[in-house]
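> Grabbed the feature section from TrEMBL, which reads as follows:
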type	residues	note
DOMAIN	38-472	domain 'Amino acid transporter transmembrane'
TRANSMEM	42-65	transmembrane segment
TRANSMEM	71-95	transmembrane segment
TRANSMEM	168-187	transmembrane segment
TRANSMEM	193-217	transmembrane segment
TRANSMEM	287-308	transmembrane segment
TRANSMEM	328-348	transmembrane segment
TRANSMEM	395-423	transmembrane segment
TRANSMEM	448-473	transmembrane segment
Amino acid sequence: MASEFEKNSTNMYVEQSPKGLENGQVQKNVDDDGREKRTGTVLTASAHIITAVIGSGVLSLAWAMAQLGWVAGPVILFLFSFITYFTSTLLADCYRFPGPGSGKRNYSYMEVVRSHLGGFKVQLCGIAQYGNLVGITIGYTITASISMKAVVRSNCFHKEGHQASCTVSNYPYMVIFAIIQIILSQIQNFHKLSWLSILAAVMSFAYSLIGLGLSIAKVAGAGHHVKTSLTGTIVGVDVSGSQKVWRCLQSIGDIAFAYAFATILIEIQDTLRSPPAENKVMKRASLVGVFTTTLFYVLCGTIGYAAFGNNAPGNFLTGFGFYEPFWLIDFANVCIAIHLIGAYQVFCQPIYGFVEGRCSEKWPDNKFIKSQHDINIPWFGVYNLNYFRMLWRTIYVIITAIIAMIFPFFNAILGLIGAASFYPLTVYFPIEMHIAQKKIPKYSFKWIWLHILSWACLIVSLVAAVGSIQGLTQDLKTYKPFKPQDNE
């Protein structure tokens, strides 16, 4: 049976007429924009942020620290944590227009840019945001399959010995991951995703703590001695001069992008209940998210570097920096896979909402797109089925899985996408919208230092993009399609 209410692309009730809000019962269940009452809190918003930010890349920070050393590594970690938190507070104030505490709500990053800046910058924002989101979902398909495969390889190494080849293909695990995502993609919107984000955040803590604990045990072990230095890997000993430069650029870019969650900040903020004011809650959630992330990044990076020294592996769980205890390695890799399952949904929900919203605007009377059908599912309750949503989301997951299979080195491409989107989304737009919102005079002290920060981050993005292109060219030289790689 079709629902009594027409629903928008994110499956939230919309006001059909002024009379719709005259009924006291209906008014109690909707917010000031006529949409279904939001229920998000600091906890749920923080979980979304942590799920998005603390990826399995936290286990690669030991490698990044090895390239940068004891001085530059921690300094860059703290620097970008501050930049990310600062710009996220600016962006949180732009959720409503014209003022942060009242005014019209904006439901996506593009709408925020349209309200505050307008013009071609709206299209630029859309290309950067959704291009980055699509790239991340493809990259997560690859990374999750590597973690699943690592469980099989870990058991093989335990049984056959550490010198065994234990070659396993990623592709069956990409298919498994895609099937899971097709099911989870039927979750209507961000508002229904809180339980999955909390689960994924717990998983990220679990495997980060396991990696941290194993590193501490390695450092405390008898006879432990590895080579570390204030400047990281040594030219002529560990790496060549050109390798040192490229790896340092790549490490700086990886750390900068590792904090970014601007692509989904507005969508997260749109889940928050009010009062208190959404921008104040979002700022607290951003502080919790960035602080927690920084704590884990610094611990995993520094202690991981102390454990492995200048020869730190790219990922000391999937890269087999540790072999034993194999059951704990297996558990950690399962946690990585579960986390990435949840993180995939956090990043693809804005894509789903954008496409479904545009289609609803273009074909407002199309029943295939608009109609909702109530299905009673045992132990679950009533589920609102929309055929268009089910079909298009399934197609999207299948396409991302196919691209992941064709380009198993896509994470190198993702580094390039991250470099291209980090500056406009995390730095440029928040600063420009803050200047426009607060009407900061041109060439004033605040205007100048904000632009100095903006240009400095642009330089970081450019040099990181160069490093990603260099890494991509190296991957292309050894690329063999549909062939398992032992070093993945």
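Quick reminder: no glycine exception, Cβ is built from N, Cα and C everywhere.
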> Per the 3+ Cβ pairs under 8 Å rule, pairs at least 6 apart in sequence, do the transmembrane segment (71-95) and the transmembrane segment (193-217) touch?
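Counting Cβ pairs under 8 Å (6 or more apart in sequence), the transmembrane segment (71-95) does not reach the transmembrane segment (193-217), since there are fewer than 3.
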> Below 8 angstroms Cβ to Cβ, which residues of this chain, lying six or more residues outside the transmembrane segment (328-348), approach it?
48, 51-52, 55-56, 59, 133, 136-137, 140-141, 143-144, 147-148, 150-151, 154-155, 177, 180-181, 184-185, 187, 193, 196-197, 199-201, 203-204, 206-207, 210-211, 214, 263-264, 317-318, 322, 396
> Using a Cβ cut-off under 8 Å, which residues of the same chain at least 6 positions beyond either end of the transmembrane segment (193-217) come close to it?
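Same-chain contacts beyond the ends: 40, 43-44, 46-48, 50-51, 54-56, 58-59, 62, 184, 187, 271, 296, 299-300, 303-304, 306-308, 316-317, 322, 328, 331-333, 335-336, 338-343, 345-346, 349.
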> Near the transmembrane segment (168-187), which residues from the same chain, at least 6 beyond its ends, have a CB less than 8 A from one of its CBs?
141-142, 144-146, 148-149, 152-153, 156, 193, 196, 337, 340-341, 344-345, 348-349, 352, 383, 389-390, 393-394, 396-398, 400-401, 404-405, 408, 482, 484, 488
> If we skip the immediate neighbours and take only residues 6+ beyond the ends of the transmembrane segment (42-65), which ones have a Cβ under 8 Å from one of its Cβ atoms?
73-74, 77, 140, 143, 147, 190, 193-194, 197-198, 200-201, 204-205, 207-208, 211, 215, 232, 251, 254-255, 258-261, 264, 268-269, 271-272, 281-282, 284-286, 288-290, 292-293, 296-297, 300-302, 304-305, 307-308, 312-318, 321, 336, 339-340, 342-343, 346-347
